[in-house]
Amino acid sequence: MRTVRNAADMIINNRWLICQCIFLAYISVLAIMDFRSRKLPLKFLLSGFLIVAGGWICREDLSPVLAAAGGCTGLVFLFISRISGEAFGYGDSILILVIGCFIGFWDLMYLLLGAFSIAAVFSAAMMIRHRFNRKSSFPFVPFLAAAYMGGMFIGAY
C-alpha cells in the first residue's frame, strides 16, 4: 500500500512534466507527419485540445488570460495563412493555436522565436549548399517540435 501511495505522490508532484511529455509526443508525431507528407490531419490537430485541457488541470500557474492570448496568437497566424494563400500552412497555424493555449502567450513567443530561428539557420544552410532557392518550401512543424523540446529541457515552460 505504501508503494502505491508513493507512486501516486510521484505522479501528482510531477503532473506538469507528465503533461509536457504527452504534449511532446503529440507534437513529435505531427512533426513526422508534416515531414513525410506535408499534410496534417485536422482531427489529429484538434485532438491536441484534449491535451490542452489536461494541461490546464496540471498547471496551476498559467493564467487563463495568458492561455487565451496564446490562442489568439494562433488565430493571428490563421489569418496570415488565409491572406497569404497558405504560404504559411493552416496546419502550422492551428498547431500554434494549440501550443499557445497549452503554454500561454509569453512562452509561445519564446517558442516561436526559437522555431523561426532554427528554421532560418536551416534555410540559410540549404541555400548555401544550393539545395534550396528563394521559392523553396519546407515543413515547419519539425522546427516547432525542436523549439518545444529545447524549451522543455531548459525549463522554460
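Each Cβ is built from the backbone N, Cα and C atoms, and glycine gets one as well.
Here is what TrEMBL says about this protein:
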- 15-33: transmembrane segment (TRANSMEM)
- 21-123: domain 'Prepilin type IV endopeptidase peptidase' (DOMAIN)
- 40-57: transmembrane segment (TRANSMEM)
- 63-80: transmembrane segment (TRANSMEM)
- 87-105: transmembrane segment (TRANSMEM)
- 140-156: transmembrane segment (TRANSMEM)
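Within the chain carrying the transmembrane segment (15-33), a Cβ under 8 angstroms from the stretch's Cβ atoms is held by residues 39-41, 44-45, 47-48, 51, 54-55, 58-59, 95, 99, 102, 139, 141-142, 144-145, 148-149, 152, 157, all 6 or more beyond its ends. Shown for the domain 'Prepilin type IV endopeptidase peptidase' (21-123): DSSP residue counts in helix, strand and coil, namely 86 helix, 0 strand, 17 coil. Ranked by the number of CB pairs under 8 Å to the transmembrane segment (87-105), the listed stretches 40-57, 63-80, 140-156 are led by 63-80.
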